[in-house]
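Inspection log for the structure reproduced underneath, given as structure tokens.
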Number of protein chains: 2
Amino acid sequence: MEFISGIKEKETVSIYDIILGGDAVGNRETGIAMESETVRLNGAIHTIRDMSEFAFIVLRKQEGVVQCVFTEGSVSFDLKSLKEGATVEVQGVVAKEDRAPNGFEIRLTDIKVLSMPSYDTMLPIPISKWKLKTSLETKLSLRPISLRNIRERAIFKIQEGIVRGFRDFMFEQKFTEVRTPKIVAGNAEGGANVFKLEYFGKKAFLAQSPQFYKQTMVGVYDRVFEVAPVFRAEKHNTTRHLNEYTSMDFEMGYIDGFEDIMEMEQSMLDHTFKFLEKEYSKELQILGVKLPDVSKIPTVRFDEAKQLVSEKYDRKIKNPYDLEPEEEILIGKYFSEECGSDFVFVTHYPSKKRPFYAMDDPTDSKFTLSFDLLFKGMEITTGGQRIHNYDEQVAKMVERGMDPEDFTDYLMIHKYGMPPHGGLGIGLERLTMRLLDEQNVRETTLFPRDVSRLEP
Amino acid sequence: MEFISGIKEKETVSIYDIILGGDAVGNRETGIAMESETVRLNGAIHTIRDMSEFAFIVLRKQEGVVQCVFTEGSVSFDLKSLKEGATVEVQGVVAKEDRAPNGFEIRLTDIKVLSMPSYDTMLPIPISKWKLKTSLETKLSLRPISLRNIRERAIFKIQEGIVRGFRDFMFEQKFTEVRTPKIVAGNAEGGANVFKLEYFGKKAFLAQSPQFYKQTMVGVYDRVFEVAPVFRAEKHNTTRHLNEYTSMDFEMGYIDGFEDIMEMEQSMLDHTFKFLEKEYSKELQILGVKLPDVSKIPTVRFDEAKQLVSEKYDRKIKNPYDLEPEEEILIGKYFSEECGSDFVFVTHYPSKKRPFYAMDDPTDSKFTLSFDLLFKGMEITTGGQRIHNYDEQVAKMVERGMDPEDFTDYLMIHKYGMPPHGGLGIGLERLTMRLLDEQNVRETTLFPRDVSRLEP
């Protein structure tokens, strides 16, 4: 009988192995641990530069690129048979070379082809260039290839890091990770922007948010979080809207007020940016990202923010109950100028602008105990305290012309007891976009979905 | 200007605080660190047991339950005004009590009600009972409440732990976490079991798997994984099918063969079960789970497995190219009896039973370089090596009557170069079900979706 037991060690090494030494026993202060050693490594041909006497073959590996030197005679291999996109396993001697990426190059003695691409002339975009100087449209249409560019792929490593930082912090704060359904019978956020679905003869929807479920799970675990896709059938094609995006949600019970939620978010961001600095410094450097200071975040009331911006930038308030994108930008600008913060919590949004589950401010029910977090003038989070009392929730539904009968399952939690609680949702792609100073949220979405884009 | 900066410390303590001492400086070998101290803690009223002279009030907190002792006169509070599901903040003195959960109780001096439920007589199910002796149907219909049962919620803590263990291992093995779209233009797995969606006048589908995208991302990061929902419009309502479930996928490049994938999975399971043992011992104990040994997993060829089972259990082979559920169970039984393993890799599935992207066995193209992993006789994983060569992939599509034109975006990766690669998908709910010896996958799904169930 045959068994699978453990991962067999490979002959091939990684860039880390070469720099740090096979088993990463320690980083020699200077130099390359495996210098002068013969190594085997694999990768994709990122680019070939033929210098007539010799050629540079740059290998693309997950952890970076490796410069290999091909000299006629040293390798019994026809260089012309190789092209970008081929994958190979090479053998060669490690040589210190300060001008090469990571400070070393491989002087080739053998090339074994693992796979060959099948195109005729050249790649549709020059992915080995440092910056892809092509339109967003082209980049997105060729996403499977354009992502192979070193800068492009660094974006989504940083995005990975944001989620890791978020989760790490959530676990540290005793939140439980949950997975809630995306096919739902009703929708929490209301409005028309919901995708409909045929579900075995019944009408179903794609979840606009995990709202009902995360509140439900607070009744079970006190504190929960989820990182998952949400779906919004928004018809406008703006630079900041997506029809499918990743929402980082948390919800927490036993709060004293919605300030607890803002504190949790500020601390989470602080933790996450420190985590990025530590674990993703390479990618931050590739993209030239400067992490913002989030050790403290200013807060301002919604009505006050409108007033401040109106005065400072000489702008008329058109609608006292709504915030235009232009106003968000100016609020961001105001707090950047006045206290050097890229972030600002805008609190006490008007009740009519918040969903039925938002808790009204007991001192003035025109406003809610809620907030948005703006990052460089763009909303990346909506959060707040929720109604936990059954009668209060039913009354607010009725007031809005909703039928509580339609929400029996949801209202079960209020009926059988919920602690005071609240939470928030963070748009991952928007947060990434702002952090990287991108101008379009599609730049920081792996495979964006919008009104006109369903592929790739 | 006001600022949010850090999480304000609360007066209330957790169960861990009481046992280990406020700042968890160290666990006293015996005894309760905060013994005799007056503490404040919050929680939900899990149950009240009135013993006439005094009463036990059991608080439910995320980390466990706490026994509080209410004595008339010690607290100026009318016990009758309290009911199960209310949330409270109590004050009392910590006393060692071996018969109480966690070895201590709280002698109450104060009760502050945070929220009150609004039901009249009693909860629809007695959630404070150790085991919910109710039908699955009732349990699922009352999910928001039934999950508050200590055993029920332990199930989904273990599920959380499985995903954490999986992710931990993936990061350790240098996999990159990706998030791929769930609204898609075409579907990888084929067949009729796909949910259709109206997408701004276009036809769209819900992703049956992240197959195309994870392969695409191997071209970018060499190794990737994703934990996300997938959707299957299966019409049969069995004990092991769901219409929405969580798939733990990984895909890896530069493999020498599909054995690399099996090795990765076996090592991942080994890591994950050790992780559970370390971090989720409380929940494993609550549910009486015995973790299986996965230090080695037997492998057997598909055709050989059928033969073995047919001989040992005197069963006729009806269809040499398909595995019936009954046969899967017997294969599980066989390897349990013959080598004491709960797991078995069944390899070399027939080509006609595998999707178009599966790589055929070069020595016999009737079979593929693929596998399923059975756990106690049930398939929890499907995996294998994929075709990386463009011409080979196009040929297999044509052979199956598919039009390669429909897959231009997907075929871009083959055209511009892919390393030899493969991967797998693991059904999280099924893995949990098998681990906990549950008989229905709905028991290990937070809010299951099936033909008749779309709520809660």
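Glycine residues also receive a Cβ, built from the backbone N, Cα and C atoms like all the rest.
Record check: TrEMBL places A:ARG232, A:ALA233, A:GLU234, A:ARG240, A:HIS241, A:LEU242, A:GLY427, A:LEU428, A:GLU429, A:ARG430 at the ATP site, and the matching candidate among A:GLU177, A:GLU283, A:GLU379 is A:GLU379. A:GLU189 is the only one of A:GLU189, A:GLU198, A:GLU259, A:GLU263 that TrEMBL places in the L-aspartate site (with A:ARG232, A:THR382, A:ARG386). Looking up the ranges A:139-142, A:211-214, A:415-418 in TrEMBL, the one annotated as region 'Aspartate' turns out to be A:211-214. In sequence order there is nothing to list, since none of the binding-site residues A:GLU189, A:ARG232, A:GLU234, A:GLU379, A:ARG386, A:ARG430 has a CB under 8 Å from a CB of chain B.
Using a Cβ-Cβ cut-off under 8 Å and counting only residues 6 or more beyond its ends in the same chain, the region 'Aspartate' (A:211-214) has close neighbours at 178, 180-181, 184, 186, 188-189, 224-226, 249-251, 355, 357, 409-410, 423. Between the CA atoms of A:ARG232 (L-aspartate binding site) and A:GLU379 (ATP binding site) there is a gap of 16 Å. Cα of A:PRO101 (site 'Important for tRNA non-discrimination') to Cα of A:LEU428 (ATP binding site): a span of 31 Å. Mean pLDDT for the region 'Aspartate' (A:211-214) in the predicted structure: 98. Long-range Cβ contacts of A:THR382 (L-aspartate binding site) within its own chain (separation 6+, distance under 8 Å): A:SER370, A:PHE371, A:ASP372, A:LEU424, A:GLY425.
Annotation note: A:THR382 (L-aspartate binding site) sits in a strand segment as assigned by DSSP. Largest Cα to Cα distance within the recorded L-aspartate binders A:GLU189, A:ARG232, A:THR382, A:ARG386: about 22 Å as a whole number.
Its Cβ placed at the centre, A:GLU189 (L-aspartate binding site) has 17 other Cβ atoms within 10 Å. In this view, the densest Cβ surroundings among the binding-site residues A:ARG232, A:HIS241, A:ARG386, A:ARG430 belong to A:ARG386, judged by other Cβ atoms lying within 10 Å.
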